[in-house]
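See structure below.
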Ligand SMILES: Nc1ncnc2c1ncn2[C@@H]1O[C@H](COP(=O)(O)OP(=O)(O)OP(=O)(O)O)[C@@H](O)[C@H]1O
Ligand SMILES: [Mg+2]
């Protein structure tokens with residue numbers, strides 16, 4: 001199982017329309033070989049559509065698609081070296097686990113003995129050796145999920161696609177299986193495209209994340225880059241929690257911006273030239289509640305929740321309602337307390353309005 | 001893909017060179033054509049002077065050469081496509097121009113000697129050449145676009161379009177042509193007066209004692225039957241779902257029985273009960289001293305027979321509809337303090353309205369198309385379907401009149417069909433796949449319940465009596481006159497001379513023909529129906545809506561019309577099929593195809609689409625996907641389609657009666673013949689045997705279906 005040649009995926013100006021509905025507007029993207037890339041975004045933004053275009057289950061309305069350097073725009077799914085793991089697993093209920101895993105090899109007329117041996121190796125890889133004679137209905141959800149993965153990887157695809165592969169599993173199993181998938185992908189050096197709703201899942205498994213919104217790509221980057229340097233308020237809000245407040249940028253110099261917020265001037269890191277009205281991104285962890293007389297934004301606690309290791313507060317201020325997370329230490333604030341919110345300027349970020 | 005094309009081309013060339021191009025009287029299995037002197041293969045015929053066959057052979061050769069001459073795949077595919085299409089087009093054209101008898105194209109323009117001499121109908125050679133050219137064309141078409149199309153899908157579409165074109169549209173076209181035909185030409189001005197004559201559309205019965213036109217008679221009967229069956233069906237469906245009636249199972253059986261009963265048998269039983277010498281008639285006459293009348297041989301007789309025959313269809317539609325009304329809506333209504341009657345009146349009934357309309361239209365179409373009951377009972381009330389028959393086989397054969405009547409009938413059924421499609425066509429499937437809803441359906445309020453019982457129970461009783469009559473009648477000497485017990489009818493029909501083992505009964509021939517033809521037609525129907533369903537549910541292609549519409553269309557073409565059109569179209573070259581058993585098989589396949597399609601669509605919609613997609617992304621092509629994934633999971637649907645088309649083939653009479661021949665007689669037309677001779681006992685005995693045969697077949701298949709379904713269900717349950 002080591003001769004897999006991972007392929008790159010390249011979209012150039014890809015448009016997909018279903019009748020009047022535009023599911024993708026002019027998509028350009030490049031996925032490097034051997035990387036696990038996640039498509040992340042709110043419901044209906046076009047993630048599944050993108051995946052199906054890579055698989056060849058849908059044909060692009062416009063633009064070209066290359067896989068492993070080859071133009072596959074008009075090639076149907078049968079002829080693309082791409083495998084897919086479906087959300088519902090789509091295991092064939094009338095075949096045993098081994099027959100399921102060997103299916104792709106059987107239809108390609110790989111000799112029986114070799115197919116059986118490769119199927120067995122695939123099952124071993126996902127930790128299901130010895131389960132070959134069972135029917136899919138005799139497996140647990142997590143096991144079925146792993147059979148689906150085995151079935152997809154025994155073909156040594158150039159690209160492995162996974163459409164919300166964990167959404168049918170419970171929270172604990174999810175973490176376990178996602179780590180397994182990541183390990184298998186890295187061990188085999190597969191190119192994988194992974195669709196999920198769940199931003200934590202995306203951060204945990206991905207080399208790169210492609211955030212989509214409204215049939216477009218909103219930002220591409222590593223998990224850290226998306227969190228640290230969001231390019232828009234949508235990204236800031238979608239990746240990790242964020243408080244957004246309107247502010248004025250006076251000037252930008254040496255990567256530091258002078259920002260006026262609520263009458264106070266702050267110095268905030270900024271890699272982009274901005275001026276005039278902008279928005280400041282304040283992560284809940286980067287805010288600190290102080291006694292009312294200290295410097296900062298004045299406000300009143302309207303909600304306080306005790307979560308064991310941390311406190312969550314909602315504070316009403318004149319720059320808006322702020323969501324604050326702070327470690328539990330000493331006497332926490334209570335609902336109705338007047339407070340002052342201190343801003344850690346190094347951790348604040350700026351995005352355009 | 002080039003190999004596939006080459007394979008088909010080779011088949012075409014071989015057929016052109018060594019198989020008899022034209023039809024031979026002795027059939028293909030007789031090998032005399034190979035040895036006798038007549039130049040019969042396409043190649044020999046061309047050499048012997050039938051130059052018009054040459055282009056087809058040339059097209060095959062040219063396409064063959066193209067496979068090696070042109071390197072660029074897309075260009076090669078395009079050129080091959082054009083060549084194959086030209087070959088097909090030429091075949092059709094020469095077939096329609098150069099015919100031995102019957103109508104031909106360009107009659108007045110082309111008058112050469114060879115052309116007038118004509119040729120026989122196309123035979124095995126021509127058929128295989130056409131098939132080869134068709135597949136060469138479809139495979140090339142799939143390759144001639146950008147990228148790689150799916151040859152299997154395109155070929156299946158092409159084949160079905162060609163078959164529906166030849167065996168549904170081509171014959172119906174013939175009716176149209178015939179209706180406009182006058183001596184030596186065609187005329188519109190002749191058509192309209194004949195079409196709108198008072199014989200057809202007259203309304204005289206509204207104003208006086210004279211009778212209305214046949215179309216008006218048919219229309220009136222159809223509206224009455226549609227309304228009647230809908231009410232009865234609703235009553236049954238309500239009893240079935242909203243009461244705790246004890247004998248629900250018996251009701252269910254009663255509603256299934258008419259489906260396996262040949263259509264005229266009910267009419268027959270009504271004669272035995274209410275005819276001049278009928279049991280009830282005599283009883284009533286004795287009791288009240290009333291005159292024995294012939295009322296059953298008129299509107300009321302036909303109407304009763306149709307109510308008995310078609311209520312089960314309405315019931316089957318409406319039970320889905322009634323169950324589809326979500327209990328939570330009714331519960332909501334009741335929590336808003338509506339009583340049960342108000343809930344039914346203002347919530348349930350309006351929700352059922354589309355379903356009721358659907359049931360009505362189905363009853364309407366069935367009544368218009370019904371042939372058996374009016375034939376047996378309708379001597380005093382003429383309707384279109386039987387008038388068409390009499391125009392063909394009556395004392396004065398008048399095909400033009402038959403064609404005009406057929407158009408009138410077609411107009412009515414097609415309008416109803418279009419109405420149904422436009423209005424609620426798409427909705428009707430949705431009720432089946434509705435979301436499971438917990439909660440209790442509101443039970444009926446007492447008045448409504450009584451009403452339902454009052455409507456449905458007499459009907460059920462009558463059905464029971466009718467079927468007892470059928471059994472009883474087959475064992476008595478002469479109904480109405482001599483009620484002594486006898487086996488004579490069965491012996492006459494199905495006697496076996498035990499000493500010699502010879503089958504001496506008169507019915508054996510038609511019985512075996514019927515079973516053979518039905519068992520050949522059933523799998524073909526299932527195949528065509530399910531392939532169409534697969535294309536409709538799982539494939540996207542250009543013109544899909546038109547494709548769906550045309551495959552469902554034959555449902556709206558009454559059997560009588562199909563029968564007439566087949567006689568008109570297939571009695572002459574180029575496709576000369578009358579008198580063969582093939583035409584019977586074909587007529588069954590295309591008459592019953594819509595049912596196969598619907599069953600297939602329903603079954604296919606329950607298979608998760610991601611199963612096919614998984615197979616395809618794993619590198620299987622559509623053919624492998626169908627064979628390895630879809631077919632194994634569709635077992636029950638396939639068996640259901642098989643059963644249904646088998647039963648329909650055995651019971652149908654309307655189209656068949658035109659197409660049977662002395663050599664290939666079918667059970668139903670044999671029985672109708674006995675009825676016309678007044679041999680009721682024999683007819684009924686035969687019908688009883690048919691019903692039992694079908695019951696046995698259904699039970700056998702049900703056993704298989706039942707087992708399959710259970711096993712599949714518990715396999716699927718957790719995995720998807
Ligand atoms: N077959 C189809 N016909 C018409 N519109 C479609 C079809 N498939 C998807 N769409 C539309 O395209 C858009 C993108 O759909 P897509 O399935 O890619 O969303 P998604 O990002 O996967 O959403 P989710 O997270 O909910 O799965 C949606 O607006 C959807 O309604
Ligand atoms: Mg999706």
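Every residue, even glycine, has its Cβ placed from backbone N, Cα and C.
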Check each of the ranges B:425-450, B:451-476, B:477-502 against TrEMBL and return the one annotated as transmembrane segment.
B:451-476
Matching range for TrEMBL feature annotation, transmembrane segment, among B:119-139, B:182-202:
B:119-139
Transmembrane segment per TrEMBL sits at which of B:375-396, B:595-616?
B:375-396
Other parts of the chain folded back onto the transmembrane segment (B:575-594), taken as Cβ under 8 Å at six or more residues beyond its ends:
23, 95, 120-122, 163-164, 166-168, 513, 516-518, 520-521, 524-525, 528-529, 532, 551-552, 554-555, 559, 562-563, 566-567, 569, 644-645, 648-649, 652, 655-656, 659-661, 663-664, 666
Determine whether the transmembrane segment (B:151-177) and the transmembrane segment (B:637-660) share at least three Cβ pairs under 8 Å, counting only pairs 6 or more apart in sequence.
no
Please work out which recorded stretch in B:511-537, B:549-569, B:637-660 has the most C-beta pairs separated by under 8 angstroms from the transmembrane segment (B:680-705)?
B:637-660
